[in-house]
Amino acid sequence: MKDVPGFLQQSQNSGPGQPAVWHRLEELYTKKLWHQLTLQVLDFVQDPCFAQGDGLIKLYENFISEFEHRVNPLSLVEIILHVVRQMTDPNVALTFLEKTREKVKSSDEAVILCKTAIGALKLNIGDLQVTKETIEDVEEMLNNLPGVTSVHSRFYDLSSKYYQTIGNHASYYKDALRFLGCVDIKDLPVSEQQERAFTLGLAGLLGEGVFNFGELLMHPVLESLRNTDRQWLIDTLYAFNSGNVERFQTLKTAWGQQPDLAANEAQLLRKIQLLCLMEMTFTRPANHRQLTFEEIAKSAKITVNEVELLVMKALSVGLVKGSIDEVDKRVHMTWVQPRVLDLQQIKGMKDRLEFWCTDVKSMEMLVEHQAHDILT
């Protein structure tokens, strides 16, 4: 049995932080007000006084461990995560987290958070195989939780960092966006916002099968790059989203300086040409989606002979549905893959809806005026 009162008294006199906080901890512990004590400890472990040294490890060993069985499992793991950061040996930290996982197995959320922390440590020491297995295991558990919880953001942070490490741009793009969807952007430092926006933008451009940029373009994190030396990335993303090949080529002086983009220029050109075809289909009225080879060639900046191959590629990856008339050199589109729209695209859709409403109104007036002739 540890001497908890003695530890708390000593800490009031010479421990880190304010003596009043230590006194409050002693008071709540003595009165056995476990919920209030948990909240106080959760707040205290984030105090800057613990930024250096092993104060949190001592706090756990001499105090928290004595009543941890009375603490809400998820709150206990939240506290433990701060303690673990002071452990310099990752193997010691992993063993500690494994023991904690056993203690909180009554709560799925607590187990998920614990496993996520284990995965993060494994990623830091370069054990990619175990990290991958942990992500797969935790993802299955997350799918069984109702709605979005406080543990989702930590999981998506881990999974996106793993995919970034192994160079899987498409999966990184997906999970990094999910992470941003689970947090308040104001809680992230501007420097982190800028770094996340930049890596997300690059991943979107380079990611195989990523044709949806609307969600990123509408997210406030991208604004952190505006009016900086990385503004060109925003412009490039907008060019891709609208399938503007000419604009993309104009911006080459900027994006061409980025090594990854420069090395994948041919792949980027193919992607924006596919997006160009999607945008041409989307902006046409549903009853007028006949595209000539010449129109496609002009917009996509390719020769007429290359059009059929471009359309076949778009059809094969499911971006559009339709048929090719080789004789008349036309393409008839019947469907285009849904995407998150930017404001300009939404305005275009609004204009087309208003045009359709006007058409319907005109037809209504025509029928009204000629009703007598029609009925007789």
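Placement of Cβ uses the backbone N, Cα and C atoms for every residue, glycine included.
Taking the domain 'PCI' (171-338) as a whole, pLDDT averages 95 in the prediction. Per Swiss-Prot, domain 'PCI' is recorded for 171-338, and the stated evidence type is sequence analysis.
As annotated by Swiss-Prot, N6-acetyllysine applies to LYS298, with the evidence given as a large-scale study or a structure entry. Within 10 Å of the Cβ of LYS298 (N6-acetyllysine) there are 12 other Cβ atoms, across all protein chains.
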